[in-house]
Amino acid sequence: MRTWHKPLMAATALMALAAAAFLVLYLADGRQLDGMPLWAKPLKFTVSFSLYFLTWAWLFSLRHRATRTAWWSGTVMAVFGVIEVGLIVYQAARVHRSHFNESTPLDATIWALMGITIGVLLFAQVIAAALVLIERQADPVSTWAIRLGLVISTVGIGLGALMAFPVLGTDFPEGIAGAHSVGVPDGGPGLPLVGWSTTGGDLRIPHFVGMHGLQLMPLLAMGLALIVASETVRLRLVLIAGGFYTGLLALATWQALRGQPLLQPDGLTLSALGVLLVVTLGAIVAGLKKTEKAAANTATPKTESHR
């Protein structure tokens, strides 16, 4: 871990400690905010950012040589990510909504600062992603898993911008500049802990799905390395998984924008999911058959006929 990005590692430790504290508050403090436990959002964000910072600290260690640009982009991500979480915690301590809140001058200022911090963080991630994307790892499987995870994650974070625009012709309440939910007001019934709406669409779902592709794609490559010997097979499976994940992200976004709850998909959503699964399974079967055929051709000795 000596080569891991130090500021990001420090931010990881800070977020992990904060998450432990907010877990205690989540369990002990019964107050509610927008229909959710008061400390649910600080808990979610500290856990999410601890994973985010840790993953990036590791990704920077994979670069063959350190550069000032890489160090500074990672440091900016750490600093502005911590500021973002700090503003969320401050608003929770005030028992005020953090996201989209413009109901008072102070709330509006905090929301504007949050917009700036996440914008700077995303810009730094794009730079960092470009630096990591051009690196070739020890094997093509890891290279492509990391590349796909980076692209999917950057898109997922960018999808958060959709929350700032009215969807399905729904106007935002007075003093509110955005919404997580689509087709229903924020603060209604939601899934435990995450709070995703159970009565309407929720743009936090594709935001979450995309953002954590950064962890899931490299983890998939690591898992396949333990159970699949052939590098060719592993590479094909990672590429197929990347296509499936991208399709799943698009489907989750489409479902949310239509104001549809995650656990209540209609026939159209289920049909699209079915097509995605069939195409993915077909690609896996075709890829495995192609590999078997190539292996058989390699194993069969070539003979020459002599007259």
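Yeah, the Cβs are placed from backbone N, Cα and C, and that goes for glycine too.
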Exercise. Which one of 29-45, 46-62 shows up in TrEMBL as transmembrane segment?
Worked result: 46-62
Problem set entry | Annotated range (TrEMBL: transmembrane segment) out of 69-90, 179-200 | 69-90
For this session: May I ask you to check whether the transmembrane segment (110-134) and the transmembrane segment (46-62) make contact, with contact taken as at least three Cβ pairs under 8 Å and only pairs 6 or more apart in sequence counted?
Result: yes
For this session: Taking the transmembrane segment (69-90) as the first stretch and the transmembrane segment (46-62) as the second, find out whether 3 or more Cβ pairs fall under 8 Å, excluding pairs closer than 6 in sequence.
Result: yes
For this session: For the transmembrane segment (146-165), could you work out the same-chain residues 6 or more beyond its ends whose Cβ comes under 8 Å from its Cβ atoms?
Result: 59, 62, 99-100, 118, 122, 125-126, 129, 132-133, 137, 177-180, 203-204, 206-218, 221, 238-239, 241-242, 245-246, 249, 253, 257
For this session: Look over the recorded stretches 46-62, 235-256, 268-288 and say which has the most C-beta pairs under 8 A to the transmembrane segment (205-228).
Result: 235-256
Exercise. Restricting to the same chain and to residues at least six past its boundaries, which positions have a Cβ under 8 Å from a Cβ of the transmembrane segment (235-256)?
Worked result: 140-141, 144-145, 148, 152, 155-156, 159, 162, 182, 201-203, 205-206, 209-210, 213, 216-217, 220-221, 224, 228, 262, 265, 269, 272-273, 276, 279-280, 283-284, 287-288, 290-291
